[in-house]
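See structure below.
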Amino acid sequence: MRFCSVFLVFGLAAAMGVSHAADLPPRESYQRPADIPSPPDNPLTIEKAALGKTLFFDPRLSRDGSMSCATCHNPGMRWSDGRILPLRADGVEHARRTPTVLNSAWLTTLMWDGRATSLEDQAILPITTAHEMNFEMPLLLNRLKDVAGYAPLFARAFGDAEITEKRLTQALASFQRTLVSKLAPFDVWVEGDESAMSERAKRGFAVFKGKARCATCHSSWRFTDDSFHDIGLPSLDPGRGARVPPQVTIMQHAFKTPTLRDLPRNGPFMHDGSMHSLDEVIRHYEQGGLQRPSISAEMKRFELTETEREYLIEFIHTLDGGLLDIEPPQLPE
């Protein structure tokens, strides 16, 4: 499905020796794809995405009716929650920050530790986890069946009004696949408009690809390699390491590389929300992180000048396309 059709339906470097665009890295690898991917057993349709949107915003998906998917993945907060750490159902803070769901159609593993391998699989986890939405799936399905307004929505999406776990997760996944970040100044520059990025931002891109080596992990048009790395934060959270044999040292304390799309206004940063500015994040990488056996081989010390740091931050701001024009739906009764 083309980006434009989905959005219509939903309303939806002097300091571095770089001074000309021709000196910058090739742009082709940063071009956005024309289509949103979906699995063969759950092709993306407008009707499924519309149902998924309604479910995403419905707090009745939680046991006590107080929490929807949008509670933590708030469209007004770049599909995160703006908190250092989100609150569990019992009022205790989670150990990990709420990641954005933007551009999740392209993910092959989801959640900070990669425990889910598809959006369909991921959709079940927060609903049924005791300290999140805390609902048993059979009870949830019965609750939805008691809401008369859901039957026609399921019928339009799937051909009949049967409400099942598979259909629930397919609809939620379909809606999330439509959440694609808007065109940012960087994208306009990639397409050839030199005026879309300032000279300072272009120099920052050169720092990003060169001296700072950010692109080693923050690659492709989504600015992530979809892999897991220990970047030397002091947290003792095992991350991906809890899901692989302990002898796989490199995965201990490793977390999924987050996208940099729409990042500047989506802080705080890191999986544990421990950093509050892009300057703080960059300085962490300059210092090389906490040295331990699992630390990524890419975590090598380097030093930027204050000007280079400013250029780099200005470049990262060009990856911000702004808020999606998505209004909460009217919930069925």
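Backbone N, Cα and C define each Cβ position, glycine as well.
The structure displayed is predicted, hence computed values, not measured ones.
Summarising the annotation, Swiss-Prot assigns heme c 1 binding site to Cys69, Cys72, His73, His271. Counting every protein chain shown, the Cβ of His271 (heme c 1 binding site) has 21 other Cβ atoms within 10 Å. Following the DSSP three-state reduction, the secondary structure of His271 (heme c 1 binding site) is coil.
When secondary structure is read from DSSP and collapsed to three states, His218 (heme c 2 binding site) falls in the coil class. According to Swiss-Prot, the feature heme c 2 binding site maps to Cys214, Cys217, His218, an assignment based on sequence analysis.
For 1-21, the entry in Swiss-Prot reads signal peptide.
In this structure the alpha carbons, written CA, of Cys69 (heme c 1 binding site) and Cys217 (heme c 2 binding site) are 28 Å apart. Counting in whole angstrom, Cys72 (heme c 1 binding site) lies 24 from His218 (heme c 2 binding site) by their C-alpha atoms.
Excluding Cys214, Cys217, His218, which define the heme c 2 site, the same chain contributes Phe208, Arg213, Ala215, Thr216, Ser219, Phe223, Thr224, Asp225, Thr257, Leu260 within 8 Å (Cβ to the Cβ centroid), listed in sequence order.
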